[in-house]
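Notes to accompany the following structure.
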Amino acid sequence: MTREQRSVEELSIWEDARSMLRKARAEGVETAWDRLEQQTPHCTFCELGTTCRNCVMGPCRISPKATKSGKLQRGVCGADADVIVARNFGRFIAGGSAGHSDHGRDLIEVLEAIVEGETTDYAIRDEAKLRRIAAELGIDAAERPLMDVARDLVDECYSDFGSRRKSVGFLARAPEKRRALWEKLGMTPRGVDREIAEMMHRTHMGCDNDAPNTLIHAARCALADGWSGSMIGTELSDIIFGVPTPSMSTANLGILKKDTVNILVHGHNPVVSEMILAAAREPQLIAAAKAHGASGITVGGLCCTGNELLMRQGIPMAGNHLMTELAIVTGAVEAVVVDYQCIMPSLVQIAGCYHTRFITTAGKARFTGAIHFDIHPHNAMEEARKIVQMAVDAFAERDPKRVEIPVEPVRIMTGFSNEAILNALGGSLTPLLDAVKAGSIRGFVAIVGCNNPKIQQDSANVGLAKALIERDIMVLATGCVTTAAGKAGLLVPEAASMAGPGLKAVCTALGIPPVLHMGSCVDNSRIMHLCGLIANELGVDISDLPVGASSPEWYSEKAAAIGMYAVASGVYTHLGLPPNILGSQTVTDLALNGLEGLVGASFAVEPDPLKAADLLDARIRAKREALGLKP
Ligand code: BF8
Ligand code: SF4
């Protein structure tokens, strides 16, 4: 099937993944790992970032070596490697920022539909949070009718996407020092769509031909994502679906049940998946499942929409990015219902090898060969019921001989929103900061992001998390790292036994895990907000805090945008593999070193998770010493 097939043990650290890879191979089902082998070796120019397709005088590619005449190569227009790499990276960041932020905008549209009475399927579940967020953004929120306040909040959020502002609304959450620095550097994000559009403009032929200047705008574009587009996504999701609170759930492919109708929700936005879950809990659909011989309906999560429902509703998690294909290979999935982002097009073909219905729901994310339901706020519940009924009907076609559910699920704890963390601490950050000052918690590292078939699945995600907690560094997990940490047993209070003595004592006292699940990838905005709160409490900048970020197995444009806004916010950020920038010495130097002088943080690239733990540890040690704390 492939040129040099690697053993399943080399591809993933998990038994559920390995079993399903064996089954996929036996049944002739192609996976991302097979396609990676077909695509290897990759184009060197593309890996280095030195190809340009921005106009039809090209495409052009720049060799890292000088030409025979000794001159450095340039594109037809005269762009050199620095310009081409910076332009490509800028567009990459704009792509990621657009993804998160357009997701945020969809939440504004749902809130608007609630306010305008266009839907009864959605409601404002957390009125107090709505009033609190509105007041934070300068809206008179105290005595007025709820819908009037909500209407103003809708307007306020839409305005963050436009061109009329000097800075986005939630930027006030960042420390004053940081905002002054952004202003000085020309990095203050003014409007989400504006910064994304300006990045497309700057990277047209004949515009921004100064690599550092392009990268400054890439940072501004990413900051618009982290402090506005994503932040709006998180805050409005909490208002509409509820603020997450700690609860227990389970993870891995063992959450699929032989005797239930199994529906997996995949993608990012809770707008559709919340409705699927609500429909699947309705008595008449459960009765329909029973009429087909099933004992009920299981709704399991994949990727970030799974995280959203895990955080708020405690649904079980079937897996992360590289488990999405393998979940279908169990032969026990009646339907995969998707919205958008990170959904491999291959799922259509794999679903076609089984009885699985592959169902799309967003006009902006159609898949040829899929069954499509066009879901909007006004018809969401009605369509969700039809989808669940379709899954129930598919149960009759399940072939028990092809069903293999390889493992038993493991327990996980979830739901650590900032509100929940503050609540667990008795309403103030003081106990947490006291633990940091005393050195029981030496610092915090957010481990975020994806799987990438170039890396043994979850080896780096889990390896880094374990190495950090051993050193009394608390880990905050979002996105696809969640299921990785959960499967490794790190998301339960008992995992405190794997932590260093200080962190173990804190976790035991509070009854929390040493790795806290804080949500989906847009919820990295919760972590930015928390950094702002802690820095303000201590009267310092975010770059002074003993914190770090890491994306050990990242793959996506969105992960790059997250890394960029973390660094631009002052958080030292580790990546397990480099972006496609190595063809430019200027851009590479800036990312790995130069940004430190500008924004007080930089990227570090290190494939080995233990060496990455050393880098993050050294950073935390230095920041603690600078704050006058024992390292
Ligand atoms: O936004 S972690 S593989 S699912 S990009 Fe995608 Fe990466 Fe998963 Fe969520 Ni985030
Ligand atoms: Fe080539 Fe310049 Fe056109 Fe890019 S913009 S394809 S480098 S001519």
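The chain as shown is numbered from 1 upward.
Cβ from N, Cα, C; glycine included.
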Co-listed [Ni-4Fe-4S] cluster-binding residue [TrEMBL; alongside CYS304, CYS342, CYS450, CYS480, CYS521] among HIS266, HIS268, HIS376, HIS378: HIS268
Residue in CYS43, CYS77, CYS157 which TrEMBL records at the [4Fe-4S] cluster 2 site where CYS52, CYS55, CYS60 also bind: CYS77
DSSP state at CYS43 ([4Fe-4S] cluster 1 binding site), helix/strand/coil: coil
Which of CYS304, CYS450, the listed binding-site residues, has fewest other Cβ atoms within 10 Å: CYS450
Env. residues of [4Fe-4S] cluster 2 site, Cβ within 8 Å of mean position of CYS52, CYS55, CYS60, CYS77 Cβ: ARG53, ASN54, MET57, GLY58, PRO59, GLY75, VAL76, ALA79, ILE84, MET205
Intrachain C-beta neighbours of CYS342 ([Ni-4Fe-4S] cluster binding site), sequence separation six or more, cut-off 8 angstroms: GLY267, HIS268, CYS303, CYS304, HIS321, CYS450, SER556
Local Cβ density at CYS55 ([4Fe-4S] cluster 2 binding site) - other Cβ atoms counted within 10 Å: 15
Collapsed DSSP category at CYS77 ([4Fe-4S] cluster 2 binding site): coil
